[in-house]
Amino acid sequence: MRVLSGVQPSGALHIGNYLAAIKQWIPLQEKHECLFFIVDLHAVTVPYKPQDLRQNVWNAALDYLALGLDPAKSTIFIQSHVHQHAELAWLLETITPLGELERMTQFKEKSKHRQKANVGLGLFAYPALMAADILLYKTELMPVGEDQLQHVELARTLARKFNHLFGRTFPEPKSQVAKIGARIMSLADPTKKMSKSLGPAHFLAIFEPEEDIRQKIKSAVTDSGKEIVYDVKKKPAISNLLTIYSLCADKPISEIEKQYQGKGYAGFKSDLAEVVIETFRPFRRKREELLQNITEVRNILSRGAETARSIAEKTMKEVKEKMGLL
Ligand code: ATP
Ligand code: LTN
C-alpha cells in the first residue's frame with residue numbers, strides 16, 4: 001500500500017503534529033511504501049517571512065529524522081522540489097467545485113480575521129493542491145490528524161470525478177486517524193486546536209528547551225473545580241492535558257485519573273511536564289547528532305526528491321494523455 005503524509009513548515013513542529021500524525025507514520029514504514037514530505041507550497045498560502053520559511057523547512061527535516069523517519073525505508077522530500085505537485089494542482093483545480101472549497105473549515109478559520117484583499121487565491125485553492133499531492137503518487141492511505149479529514153474527503157471526490165470524466169486513473173485514498181489524540185487542543189485556549197500559527201503560548205514544540213516546556217505546562221489554563229477527571233464538555237483543559245499525559249506515558253486515562261484522585265492541579269502539571277520531557281529526550285539526542293551532519297540531511301532530501309519525481313513523472317504522463325494534452 002502506498003502511504004503519504006506531511007506537515008507544513010509554518011513554525012516549530014508541536015506535540016499535536018507528533019501525537020496525531022508523525023507517531024503513526026513510524027510503524028507504517030515497516031510494511032508499506034511510504035512518502036513523507038515537507039509541504040512548503042502549502043506554507044506560503046498565508047503571510048510569512050522567507051528567512052523563517054527556510055529555517056522552518058530545515059527544522060522540519062531534522063525533526064522528521066530525529067523522530068524516527070528512516071530514509072532507508074521511506075522517501076523523505078520537500079514538496080517544492082517536485083514541480084509536478086503544482087502542475088497537477090492546476091489540472092485538478094479545473095474540476096474542483098467552488099462550493100467544496102467555500103465549505104472548508106480551515107479556509108474559513110484562516111481567512112476570517114483578514115480583509116478579502118489580504119486573502120490569497122492560494123489559501124482558497126489549498127485543498128486542491130493537497131489533493132494533487134495525494135493523487136500524484138496514487139496514494140492509498142494518509143495518516144493525518146482530524147482537522148485534515150475534510151481535505152482528504154475532497155481528494156476522494158476529485159479522484160472519483162477525474163476517473164469518471166477521463167477514465168480510471170486514481171485509487172480513492174483513505175485516511176487513518178489516531179483513536180486518541182486526533183485533535184490536541186491549545187494549552188492557552190482549549191476550545192481551539194493546538195496549532196503552530198496560534199502563537200507560542202498555545203503549543204508545545206517537540207524540541208523546545210525543557211525549561212520552556214515546564215513553564216508552558218505550568219501556565220496552561222485549567223478548568224474550574226479541582227478534580228482531575230476526563231470530561232471534554234465540563235473540563236476541556238484538563239481533558240486535553242490528560243490526553244497528552246496518556247499518550248506520552250502510554251497509560252490509559254482512567255489509570256491516570258486514579259493516580260491523581262484527591263490531588264491538585266499543580267502536582268499533576270509538574271508531573272506531566274516531566275512525562276513530556278522524558279518522551280522526547282531520546283529524540284532530542286538524535287536531533288543534536290543530525291545537526292552536526294547537515295550534509296547528510298541535504299543528501300537524504302535530494303535522494304527523496306529524485307525518487308518522488310520518478311513516480312510523479314509517470315502519473316503526469318498518464319494524466320496529460322487522459323486529459324487530451326499533447
Ligand atoms: P498551522 O498552524 O500552520 O495551520 P498546524 O500546527 O495546524 O499548522 P499542520 O502542518 O497543518 O499543523 O498539520 C500537520 C499534521 O498534524 C496534520 O496531519 C494535522 O492533522 C496534524 N495536526 C495539526 N495540529 C493538530 C492538533 N492540534 N491535534 C492533532 N493533530 C494535529
Ligand atoms: N494540509 C496538510 C498537509 C498536507 C498533507 C498532504 C497531508 C499537504 N498535503 C497530503 C497528507 C497528504 C496539513 O497537515 N495541514
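Cβ coordinates come from backbone N, Cα and C, glycine included.
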Which listed span TrEMBL calls motif ''KMSKS' region', if the choices are 113-117, 168-172, 193-197, 313-317: 193-197
Same-site ATP binder from Ile134, Ile180, Ile184, given that TrEMBL records Gln8, Pro9, Ser10, Gly16, Asn17, Gly145, Glu146, Asp147, Lys193, Met194, Ser195, Lys196, Ser197: Ile184
Chain-internal residues near Met194 (ATP binding site), provided their CB is under 8 angstroms and they sit 6+ positions away: His14, Ile15, Gly16, Ile184, Met185, Ser186, Leu187, His202, Phe203, Leu204
DSSP residue counts for the motif ''KMSKS' region' (193-197), split into helix, strand and coil: 2 helix, 1 strand, 2 coil
Residue pair Ser10 (ATP binding site), Asp133 (L-tryptophan binding site) - Cα distance, angstrom, rounded: 18
PLDDT averaged over the residues of the motif ''KMSKS' region' (193-197): 91
Same-chain residues at least 6 apart in sequence whose Cβ lies under 8 Å from Gln8 (ATP binding site): Val39, Asp40, His42, Ala43, Lys196
Rounded Cα separation (Å) that holds between Asn17 (ATP binding site) and Asp133 (L-tryptophan binding site): 19
